[in-house]
Amino acid sequence: MIAMLTVLLYLALILEPRTAVQAGHLPKPIIWAEPGSVIAAYTSVIIWCWGSWEAQYYYLDKEKSVNPWDTEVPLENRNKTKFKIRFMTASYAGIYNCYYKSAAGFSEHSDAMELVMTGAYENPSLSVYPSSNVTSGVSISFKCSSSTLFGRFILIQEGKHGLSWTLDSQHQANQPTHATFVLDAVAPNHNGTFRCYGFFRNEPQVWSKPSNSLDLMISETKEQSCTPTEDGLETYQKILIGVLVSFLLLFFLLLFLILIGYQCRHKNKANASVKNTQSEDNAELNSWNPQNEDPPRELCTPR
């Protein structure tokens, strides 16, 4: 009986963090790597975990490792902490997540973050067909090839878009191992620098050195060049608004002139009617002339 209680107590101590994580209602932490999640071999990287002001300890878990993989206290007056890796090696490559502990219990785990090490193998070569300068809407093919028998290749677009494509490698007799990435109907957002890497299936976070870079330039077709861009559309809208305002001002000005003209004509008609009335009165007065009448005769004869 005592042995059974001891086993149950041991299991409770082991499962306590997991159970608390599932039952907790604390804010979910956020994990990220600096300067990035794809790191060259033997360079340093910092894994950040952002959680809560109430956090007392932060825990970092690594997939397929004894967890917690690392533990840190919060930075002074901060709601986050950092886990330092001074020299990146293949043993640090993998999938990580973090969580924290507060007086209220354990938080849930953050989203998973994949930390990749590059430089473990020789670099593959990258080529593009038909050209690195094409018009929008055209299909192009990137070919990543290597003499190393990689199981998979990954094509990455560097920069703000951060697009990536992964394919299984193709093996043919007397030819390098390769993978062909087809981009149908390329668009301006595909502009940028591309590189590819090779890796083995059993170590998906341990990559080769980067291939040679290829700069892809996508130009617009004639039809697309006639289509206003966002900046062009904004300018077009401003011009259209200005034209409409001008038409409205001209309309109100014309309406004002019409009203003024109408009032002037109405006033002239009123003045003309007054003048006609005065002319008729003058005519009646002029029609009576005392010289045209006989002088009045005297009723009495002189003595």
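Using the three backbone atoms N, Cα and C, a Cβ is placed for every residue, glycine included.
For Cys196, the disulfide partner named by Swiss-Prot among Cys144, Cys264 is Cys144.
Swiss-Prot names the disulfide partner of Cys98 among Cys49, Cys226 as Cys49. Record check of Asn79, Asn271 in Swiss-Prot: the feature N-linked glycosylation site is attached to Asn79.
If you take the C-beta of Asn79 (N-linked glycosylation site) and look for same-chain residues 6 or more apart in sequence within under 8 angstroms, you find Trp50, Gly51, Ser52, Trp53, Ala55. It is Asn191 that, of the glycosylation sites Asn133, Asn191, has its Cβ surrounded by the most other Cβ atoms within 10 Å.
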